[in-house]
């Protein structure tokens, strides 16, 4: 399906390109002159990429079906129709993959691959028009009275996009609820999630002007509260979490000490409980506070959220960085990490006020060199969090095994801390960490220190291109290596987590299955 050139979304072979286990996606080598930057230049050249000379039309289903060849390929995404013909040779998934979208509504196909891709920006010069909506029988008699839609200057505003179908809700008793109360100087909102909350938290709060958006990330489900507040409040939100009882309390300070008669006006999707994958991404502007070298080509970024925002990123979830490169929005997911693997005894940072991201800089990339060159104090749009990992997979696990390659280590970092802090039933956790050279190992000294402090934790480093002085394991992942690593003691419950470049992940998953681990005992981290 529609994808983006490999340098930016993300770099070829990075762990962010991994599909679910068993659903590998073929990549093709792009011809010279067909990178993302080349595509951006083409869209800025003034060349007619739609074949309509700037006209925007309304497209019927029958008309869409006619455009189903490589040289004449239209597709519909969220109600908007695009001509993909010019993009064929720029698509890293290849022509065959892109042709799956030819002549049809490809929204679901697109969402299967990378729903976070900003196709509106990438394909804005390929916009043919809007999909004609078939009136329902009940409305048929009234169509003559409706005003025709003007298509000049057509874009894809959120109001035109069909709302995704929500998944069946869990039993009513499990649906979160909220309440609120006030004092002379504060307004307090209490959310009862009706489940235990992990130590990492689950609340994402954004106060922008008078609008308050509160999202609870509860496993695969998202609970959203959204108001235009009755009166002004100060631009700071206190978030307190009672983890064991599943309660989250927000405290807002009133700008004027007066009694509120109501909390505010409900906004779009207020008090909804749907699957996370069906919830649209919400972006906020963050400030780059610091960049720290982790290795020769990897940096740890610290981003500060706006004063009115708090983000508790659940373990295994990623956020999206968005910035403009030559006038085109470029977006890429990154797994949130902690500031360090071993937490300091005291920290001055307020929980949820900062985000830390570990980013490998690809010299030929589009986004990562741009980020690496940003000055301290620069702004970056951050969306999410999002991801499929839930703590349910850790239930009753006694042996946790992690197979990571390169920056595929990032989701493992917080998983290790979570397991050590919150899951005493886990008797053993082992990380096998694959890299090319010793200088590529992320947080090597911290991993070694953790091994000495925590008898439950063990790390084995494997290098494919080691120096002669290297005394550790050598080579690439294979069956013999895993057979000795993935022990299955009597009366144990095991979980194997995998993350890394696509080739590594596919090999690891295949080898783990050959060792008779079930699908329930295997989790692949993916974007």
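Backbone N, Cα and C atoms are what each Cβ position is placed from, and that goes for glycine too.
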If you check Swiss-Prot, which stretch out of 70-103, 104-137, 138-171, 172-205 is marked region 'Disordered'?
138-171
Just the number: how many Å between the Cα atoms of residue 379 (FAD binding site) and residue 91 (heme binding site)?
29
Across all the protein chains here, work out how many other Cβ atoms are within 10 Å of the Cβ of residue 386 (FAD binding site).
21
In this structure, the one of the binding-site residues 372, 404, 418, 425 whose CB has the fewest other CB atoms within 10 Å is 425
Cβ distance under 8 Å to residue 411 (FAD binding site), same chain, sequence separation 6 or more: which residues?
315, 316, 335, 389, 497, 499, 525
Can you give me the Cα-Cα distance between residue 418 (FAD binding site) and residue 91 (heme binding site) in Å, rounded to a whole number?
38
For the domain 'CS' (173-264), the averaged pLDDT of the predicted model is 93
For the binding-site residues 91, 379, which one has the sparsest Cβ surroundings, going by other Cβ atoms within 10 Å?
379
